[in-house]
2 protein chains.
Amino acid sequence: MSRLVEHHSHKAARILDSARELVADHGVRKVTVSEIAAAAGVGKGTVYLYWPTKEDLILGLFARELLSFLDELITRVTADPAVVLPRHLAPLLVRTGLRSPLARRLAAKDGELLRLLTEQAGDRDLFDRTQPSAMCQAVMPILREHGLLRQDRPLADQSYAMHAVLVGFGTTMSNPDSAPTRVGDPGEVLADTVALLLEPAVAPAEQAVTAAADGTVAVFRQTRDAVLDLIDRSQNLQQ
Amino acid sequence: MSRLVEHHSHKAARILDSARELVADHGVRKVTVSEIAAAAGVGKGTVYLYWPTKEDLILGLFARELLSFLDELITRVTADPAVVLPRHLAPLLVRTGLRSPLARRLAAKDGELLRLLTEQAGDRDLFDRTQPSAMCQAVMPILREHGLLRQDRPLADQSYAMHAVLVGFGTTMSNPDSAPTRVGDPGEVLADTVALLLEPAVAPAEQAVTAAADGTVAVFRQTRDAVLDLIDRSQNLQQ
DNA sequence: AACTGACCAAAATGGTTCTATGGGTCAGTC
DNA sequence: GACTGACCCATAGAACCATTTTGGTCAGTT
C-alpha cells in the first residue's frame, strides 16, 4: 500500500503536477492555492482535503522531488554496482540534481522555499541530509572502506575535495555562461576529474564494488525512509 | 608619478580607508557620503573634490581591491616563478580572493555593488576579466604551452575543470559550515587536488616554469593596466 | 588651492488609510 | 464520502502625504 496520496487519488496527482509546474516557474511566494487548484481543474477546498496547509503542500512537493532523486540513485546503483565508482557517481549526482527544478530554485536562493524547508526542526534535518556535504559525509567512508578510493590521502581531505568538486561543477554546469570554455560534456570532465583525484591506480575487485554499492544503497534507503516520513507528516490522514 | 590620488593626498587616502571599512561592514546602499566624510574627518565637499559621484568612489574602491589582488599575484610570481605551478597558483588565487572584502560581498550577492559594477560597459568588461573564468581562460593556455599542465587531456577540459575547482573550493572555504568534514588547511587540499588533476607526472624544467611565470605576469600586468585606467576614469582630473 | 558645511532639490522613508488579496473554512451538492 | 466555491477575516499592498534624508553644489574661509 503506497504512502503517496497521489497513488490513490487522481485529483491529488493533478494538484501535485500543477503545483510543481507553477512553483518551478514562478517560485513559492508568487503561486497561490487558487492558481494551483485552477490549473489542476479542482476546487480550492479539494486541495485542503489532501494537505492541511499550503506550506504542507509545498513541503510534500519538495520531498517528492527528493524521493525521485533518491529512487534514481537507488535504481541506477542496484542495476549496476559500478555506478558507485566516483567517476560514475559524481556525474550522476550532479546531473540528477540539475534535473530537479525545486532543488535548482533552492540553489538559486528562492528565499521562501528555503524558509519553508528550514523552519521546522524535522524538516531542517531532512533538508540538511540532502546537501552535498551530508551525502559526501555518509557515502565517502563506505567507498573508502571497500577500496574504491585511493588510500594515500586522509579520508577527511577526500570528502572535502569531493564536496568542493561537486559544488564547483554543479554551480558551473547550471550556469554555462560562467564557464571559461565550452566543453562537449561537462559531466565527462567531472568524471575524469574525480577519477584522477580519488580513484586508486588499481581498479577494485568486483566483489568490493558490489559491497560498496550495497552499503551506499543502504544509506540512500535510509534517507528515502526519512523523506517518506516527511511526506506522511505533510498529508492529511488517509481514510 | 602615481596615478592613485591617495598617493598625493592624505585626505583622499583617509576617505578611501573609511569608505572601504563602511562598505565592507554595511554594504553600498546603507552607507552615505556624509558618513564616509565624517569617518574620514573631512567635509562632505572634500569627497567631491576627488570623485565626481558616490558611484565613482565605490568603483574606485573596488578597483583598488582588484589592484591589490593583482599586485599580490604579480609580487608572489615575480619573487618565485614556481608559484605559477597549479598547486601553488590555485590556493593563492582563492586565499587572496577570500581576503578581499568587497569581492566577498559581491560573491554574497550585494545587489547594489553588482549593479554598480555592471552598468557601464567599460566597467562590466573589467568586472568580467576578474572572474575566475576569465582568469582560467587567460592563464591556462600559458601554463599548458610551457608544460606545466599534463598533455594527455584537452586544454578546454582542463580550463573548465580548473574553473569548477576554484569555484567549488572558493565557495566552500568561504562557508566552512557547509563542508562535510573539517580539514586542517583547505588550501592544502586544494593544492593537492589541483596537482593530481592538472600537473604532469614529470616536473617541468626550471626554465619552462620561469617562462610560464613571465607569460602569466604579463597577463596580470595587462589586467592591472585596465584597472588603473578605470581608476583614472573614476577620479576627478588631478591638477 | 584646498577645504568646509549650509543649502537645495530630488529621492527616500515612515505613517496612515483604504482596497485587494489569498489562506483556510464549511454549508450545500452530487 | 468526495467535492465545490462563496465567504470570512487576517494580512498584504497600494496610494497618498508629510517629513526626513542624502547626493551634489558652491559661496565663503583659511
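Here the Cβ of each residue, glycine as well, is placed from N, Cα and C on the backbone.
The domain 'HTH tetR-type' feature in TrEMBL is assigned to A:9-69. Per DSSP, the secondary structure of the domain 'HTH tetR-type' (A:9-69) breaks down as 48 helix, 0 strand, 13 coil.
The annotation DNA-binding region is assigned in TrEMBL to A:32-51. Panel annotation: around the DNA-binding region (A:32-51), residues 5, 9, 11-12, 14-15, 17-19, 21-22, 57, 60, 234-236 of the same chain, lying at least six beyond its termini, place a Cβ under 8 Å from a Cβ of the stretch.
Across the domain 'HTH tetR-type' (A:9-69), the model assigns an average pLDDT of 92.
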